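S.K.: This is the structure I want to talk about, given as structure tokens.
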Amino acid sequence: MSRFQDKISPLDRRSSPMDDSDDVPRPGALQHHSPRVASSSSASDASVPLGFRPVGGAHSGHHVVVQLGNVANDGKGIGEEDADMAVSGSLPFVLAFSNLTYSVRRSRKGCSLFWRSDAGEEQGRKVLLNAISGEAREGEILAVLGASGSGKSTLIDALANRIVRESLEGSITLNGEKLEGRLLKVISAYVMQDDLLYPMLTVEETLMFSAEFRLPRSLSAAKKMSRVQALIDQLGLRAAAGTIIGDEIHRGVSGGERRRVSIGIDIIHDPILLFLDEPTSGLDSTSAYMVVKVLQRIAHSGSVVIMSVHQPSSRILCLLDRLLMLSRGSTVYAGPPTGLHPFFSDFGQPIPDNENPTEFSLDLIRELEATPEGAKSLVEFNRARQALPVVYPGGGEKSFVSLEDAIGTSISRGKLVSGAEGTMTTAAAVPKHANPFWMETLVLTKRSLVNTRRMPELFVMRLGTVLVTGFILATIFWRLDHTPKGVQERLGFFAIAMSTMFYTCADALPVFIQERNIFMRETAYNAYRRSSYVLSHSLVGFPPLVLLSIAFALTTFFAVGLAGGLQGFVFFVLMVLASFWAGSGFVTFLSGVVPHVMLGYTVVVAILAYFLLFSGFFINRDRIHDYWIWFHYLSLVKYPYEAVMQNEFGRAGRCFSRGVQMFDNTPMEGLAEATKERALAAINGALRMNMTSTTCITTGPDVLRQQSITQLGKWACLSVTVAWGFFFRGLFYLTLLLGSKNKRR
């Protein structure tokens with residue numbers, strides 16, 4: 001039995017929800033005045049919480065307005081600056097949004113042809129935001145509440161410019177002026193719901209690297225460190241400053257500390273606007289309270305804080321200044337926490353004493369959503385309650401400090417540490433990145449090296465894989481001889497060895513897939529350029545490739561008995577390194593295209609198998625049909641395979657078949673040696689030649705011609721392989737450029 005089932009519908013209780021409550025005094029920052037009440041000698045002014053507009057006049061025919069008072073929310077006194085601001089009629093930073101509407105194309109699953117319009121859905125499309133309006137002010141926390149699927153995260157994304165403007169209807173202004181996207185990136189920060197951090201960096205290192213990215217190069221290292229230390233104290237992380245972040249394997253900071261670090265890296269430049277998507281999700285009540293307490297301090301430092309939260313506790317509710325409750329994309333309540341009791345009392349569903357107001361409110365909303373009409377009655381009640389005009393102290397319209405003056409004042413107070421000199425109210429005046437390209441690359445490289453150096457097990461596993469593979473190949477193809485069988489065995493060794501280099505590179509696939517969300521978060525607000533990330537990624541990954549190449553070559557080259565001496569060995573090392581370079585570039589490119597590790601492994605293994613098939617080992621180039629020859633030239637394995645083949649067989653002085661050895665790999669191979677010599681003599685007689693058992697029949701260049709390896713020299717093949725590595729890294733950059741817009745459509 002629902003606790004709301006026996007309640008009387010608020011629309012049936014009385015003609016006006018406010019008729020019986022006009023004379024009931026309530027604490028708050030606004031007062032409502034009615035001419036009817038003012039004319040009564042017994043009537044007294046009644047105040048309602050900030051953000052509420054009584055609707056008594058809507059039914060009674062009287063004109064009811066809302067006037068700004070001078071009492072702070074939750075019984076807190078207003079500071080002198082705020083009082084002066086109220087008296088002058090000017091407001092500090094105010095982010096206002098009006099009639100925000102956003103819908104997406106609905107995927108038709110099932111046979112339903114019609115959708116309920118009251119649930120924010122229409123035929124063919126689903127409305128995620130339905131005419132949402134409100135405002136958030138400097139020094140306050142605006143919390144967006146609602147059940148799962150109510151549109152909380154969508155609204156945060158809309159305000160943070162993470163939805164394509166063409167898809168979003170309505171207006172968003174800061175101090176009455178429309179915000180340009182480039183300016184918004186500089187003066188704001190967005191904290192994602194997930195904690196996206198490098199596990200082996202300490203708290204202090206994580207914040208310091210963030211400072212290196214977001215703070216300008218002109219700021220000295222001492223000042224950057226001072227900012228980091230101040231932020232550590234502000235976040236309450238002093239005790240954990242030297243502790244690594246940690247992951248499933250490495251023990252690190254607690255969940256609440258991790259969340260505060262996630263907030264810290266995005267507010268290192270002390271932004272004016274701070275957006276957070278469910279910052280308390282997954283935390284215990286104490287950790288959640290500590291996080292919101294930090295957000296309150298950030299707001300009081302001169303920021304506008306807007307966050308989504310599922311269901312705050314009573315302690316957290318006391319820290320919030322404004323609430324915006326949503327139900328299926330529509331507003332059901334907008335105002336301070338202190339206004340929940342009178343709001344739902346007027347609606348006909350009074351909140352019981354000693355019960356969490358938000359818990360009661362959200363439970364009621366869920367009950368209404370389960371009915372055929374949904375929460376339509378509550379949405380309309382709130383809409384009517386918000387429809388009355390507001391009278392500000394001193395009369396007149398609400399006025400704002402100009403955006404230019406407000407930003408200039410904030411910079412003078414020490415906010416927007418990464419800001420340009422002077423004001424930043426136009427896109428042209430905003431530096432897109434705080435640091436030059438080379439500085440970004442240096443910091444990215446340093447961060448990756450620090451993180452990977454503390455996880456040596458990853459490189460040890462790669463080195464072990466290469467050494468084991470090399471050992472197996474060396475023992476199987478031990479000391480190959482110079483016979484036709486030795487030629488065939490060399491062909492097999494080269495094909496397997498070169499393809500193994502590419503398959504070994506598949507372990508690079510999870511690297512970017514795991515870092516993708518970190519990269520998306522950091523580049524969303526121009527922490528660094530995508531080109532800087534690609535170059536740094538290549539620089540960090542190259543030294544391990546050199547060590548792996550040398551290890552594989554030392555394990556196999558001399559054990560197999562390959563030719564060329566020191567010069568041949570050096571070329572073999574370079575070719576193995578080029579193969580690693582091209583293979584890692586190819587896998588890195590795929591990691592930017594394929595978002596899932598298992599799917600990525602499937603794609604990598606399949607494509608590398610095709611590369612090996614068309615490399616020229618299984619079927620010679622001149623035997624491949626014309627409709628498949630193009631794939632032969634696209635094969636990454638082709639060029640390393642042909643290069644090491646020419647390194648082995650390119651010298652004319654080496655012989656791989658003498659005299660009767662020509663019968664090897666033929667049906668005559670099993671005949672007696674004397675019989676083979678008589679057959680050779682018969683061939684000499686028929687061809688009028690003088691071949692003996694020591695006569696060279698097949699040289700190294702003959703082997704290359706038999707394998708159709710005649711188009712490119714070994715150095716040309718090496719160059720092409722290296723070029724493939726650069727080409728795929730260029731494609732990786734394009735995938736980052738085109739596939740990381742961080743915006744919904």
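Quick reminder: no glycine exception, Cβ is built from N, Cα and C everywhere.
When I checked TrEMBL for this same protein, it listed these features:
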COMPBIAS  1-17  compositional bias 'Basic and acidic residues'
COMPBIAS  38-47  compositional bias 'Low complexity'
DOMAIN    95-353  domain 'ABC transporter'
REGION    1-50  region 'Disordered'
TRANSMEM  459-480  transmembrane segment
TRANSMEM  492-513  transmembrane segment
TRANSMEM  534-563  transmembrane segment
TRANSMEM  569-590  transmembrane segment
TRANSMEM  597-619  transmembrane segment
TRANSMEM  712-738  transmembrane segment
S.K.: Determine which residues of the chain contact the transmembrane segment (534-563) at the Cβ level, with the cut-off under 8 Å and only residues 6 or more beyond its ends counted.
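M.R.: Distant contacts of the transmembrane segment (534-563): 440-441, 444-445, 448-449, 452, 459, 462-463, 466-467, 469-471, 473-475, 477-480, 490, 493, 497, 501, 504, 508, 512, 569, 572-574, 576-577, 580-581, 584, 588, 647-648, 651, 654, 729, 732-733, 736.
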S.K.: Quick check: do the transmembrane segment (492-513) and the transmembrane segment (712-738) share at least 3 Cβ pairs under 8 Å, counting only pairs 6+ apart in sequence?
M.R.: no
S.K.: Sort out for me which stretch, of 459-480, 569-590, 597-619, has the most Cβ pairs below 8 angstroms to the transmembrane segment (712-738).
M.R.: 569-590
S.K.: Mind checking which residues of the chain, 6+ beyond the ends of the transmembrane segment (569-590), have their Cβ under 8 Å from one of its Cβ atoms?
M.R.: 497-498, 501-502, 504-506, 508-509, 511-512, 537, 541-542, 545-546, 548-550, 552-553, 557-558, 562, 600, 603-604, 607, 636, 640, 643-644, 647, 714, 717-718, 721-722, 724-729, 731-732, 735
S.K.: Taking every residue in the domain 'ABC transporter' (95-353), what is their average pLDDT?
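M.R.: Mean pLDDT for the domain 'ABC transporter' (95-353): 86.
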